[in-house]
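What follows is one structure encoded as structure tokens, with my remarks underneath.
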Amino acid sequence: MRNGRTLLRWAGVLAATAIIGVGGFWSQGTTKALPEGPGEKRADLIEIGAMERFGKLDLPKVAFRHDQHTTAVTGMGKDCAACHKSKDGKMSLKFMRLDDNSAAELKEIYHANCIGCHTDLAKAGKKTGPQDGECRSCHNPKPSAASSWKEIGFDKSLHYRHVASKAIKPVGDPQKNCGACHHVYDEASKKLVWGKNKEDSCRACHGEKPVDKRPALDTAAHTACISCHMDVAKTKAETGPVNCAGCHAPEAQAKFKVVREVPRLDRGQPDAALILPVPGKDAPREMKGTMKPVAFDHKAHEAKANDCRTCHHVRIDTCTACHTVNGTADSKFVQLEKAMHQPDSMRSCVGCHNTRVQQPTCAGCHGFIKPTKSDAQCGVCHVAAPGFDAKQVEAGALLNLKAEQRSQVAASMLSARPQPKGTFDLNDIPEKVVIGSIAKEYQPSEFPHRKIVKTLIAGIGEDKLAATFHIEKGTLCQGCHHNSPASLTPPKCASCHGKPFDADRGDRPGLKAAYHQQCMGCHDRMKIEKPANTACVDCHKERAK
């Protein structure tokens, strides 16, 4: 049994090292899934195209079934040395070599070792893979299997499970194990060390390709994760996957344990942050100090986001470190205004908020309201900082504050935000509204007005985002009573929508179309199944003939 566990651990190492062989298996050194195609779906298909670095390939790349080979090698009682060489006690991630010297040598390494192993197994009467002369069995432009590989993300649930794991020993702090994964390069000691409260995304240092001695992201991630999983397995503690499918198969990911209520991950981050427009050094004078700051409730947004990269897409740093008023090369010249207000980007404030109003509880109203711009809308987020006048802000007084001081200013701004006033007294809201001004073939419709208002209020609940923007008592009413001032007694629909459609006023539907468009559209967006759009008599009974 002990030998069986040992072989399993070696199988995991084989899985890790083959996957991360930058320049060994992938010509581009990435963990891209192979193109979709017919046949068996596998998460372990790896594209071998290392020869591509020396020029155009003569034959198609090889679709290598890694988990299948891992199982076979383990079954023969072999370990990683069957495919990987070592130097100074460290195993190379390249296949049967330490360096890439020439195209001819690389070709010989693959053919001699892969085909050689297959041939030896065939001589022993065992099931094996393609042999000499069966080139297209491996170099097949249409492999028999198709990739089901799915990228794995390190969301806050998975992150917390690692933070809370007693199997991952603390490094540098008896109470925290952050240093087991997070590190920075210390120039003085020439070592990787943990930077407390400076933990960053892996992508902050590790990109798609290796740079100097810094490995690419896929190499760094697989090396760290799989080796840690193997070390933990040696202690007989619960550990993570050690093969391709364990992480990258969709069915495996669907079974991951999910922590629903994740405690806040502590990185020394502020509860509240002050977002200031930072002009670039070369910004024109008129671009400086022209916008009021935004108090950002960082703690509340942490609870809503799935991971830090939801907002911090590369480095965990302030937005304005890259996105200045006039843009920087690091931000690909995406200016601060675009970074915060781009309506179709999930990484901008406005873009993320737009997805929230598309949820069924909000879409009934917001799906019908056309986006507009006004100074009043800007003023919901952009407000004056208490204790600082416009001249002080323009002179850079807020920018010159220490981080802790800016956080305090932001907190005071958040606490001073106007509280939502809810809606009008429910006793003043009609319980039912009889809609019968155009009743003809059908009887008037009894509209459960107060019930619908209560449903909308319940849908908002304690939502802070809704509370921030639904300030006035009549805000909620304007989902239906649109294009008129918020009021307890808004104009009737017929005030704007004529009973017959007026072609000369083609900017608005007639009354019948307005009712049906508003009611049916709301039901569709809120996914209300009954009454169905075709069930006329569910809303207004048919008149007796």
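Cβ from N, Cα, C; glycine included.
Listed features, source Swiss-Prot:
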SIGNAL    1-31  signal peptide
BINDING   H66, C80, C83, H84  heme c 1 binding site
BINDING   H69, C114, C117, H118  heme c 2 binding site
BINDING   H162, C225, C228, H229  heme c 6 binding site
BINDING   H183, C202, C205, H206  heme c 5 binding site
BINDING   H222, C244, C247, H248  heme c 7 binding site
BINDING   H298, C308, C311, H312  heme c 8 binding site
BINDING   H301, C349, C352, H353  heme c 10 binding site
BINDING   H313, C319, C322, H323  heme c 9 binding site
BINDING   H341, C378, C381, H382  heme c 12 binding site
BINDING   H482, C493, C496, H497  heme c 14 binding site
BINDING   H516, C536, C539, H540  heme c 16 binding site
BINDING   C519, C522, H523  heme c 15 binding site
Statement: For heme c 15, residues beyond C519, C522, H523 with C-beta within 8 angstroms of the site's Cβ centre include exactly G364, Q518, M520, G521, D524, R525, M526, I528
- request: Taking the Cβ of C228 (heme c 6 binding site) as the reference point, list residues of the same chain whose Cβ is under 8 angstroms away and which are at least six residues distant in sequence.
  value: I168, A180, C181, G240
Field: For H482 (heme c 14 binding site), the one of C83, C247, H301, H323 that lies nearest, given that the binding-site residues are compared by Cα
entry: H301
- prompt: Out of C352, H382, C493, C539, which of these binding-site residues is nearest H313 (heme c 9 binding site) by C-alpha distance?
  reply: C352
Statement: Whole-number Å distance separating the Cα atoms of C247 (heme c 7 binding site) and C311 (heme c 8 binding site) is 24
Message: At a 10 Å cut-off from the C-beta of C83 (heme c 1 binding site), count the other C-beta atoms across all protein chains.
response: 23
Query: Given H382 (heme c 12 binding site) and C349 (heme c 10 binding site), what distance in Å do their CA atoms have, once rounded to a whole number?
result: 13
- prompt: What is the interatomic distance between the Cα atoms of H162 (heme c 6 binding site) and C80 (heme c 1 binding site), given in whole Å?
  reply: 27
Task: Using all protein chains in view, find how many other C-beta atoms are within 10 Å of the C-beta of C349 (heme c 10 binding site).
output: 19
Which of H66, H69, H183, H206, H298, all binding-site residues, has a Cβ with the fewest other Cβ atoms inside 10 Å: H298
- line: Largest C-alpha distance in Å for the heme c 6 site residues H162, C225, C228, H229, as a whole number, is 11
Query: Which Cβ among the binding-site residues (C225, C493) has the fewest C-beta neighbours inside 10 Å?
result: C493
Statement: Taking every pair from H222, C244, C247, H248 (the record's heme c 7 binders), the biggest C-alpha distance in Å rounds to 12
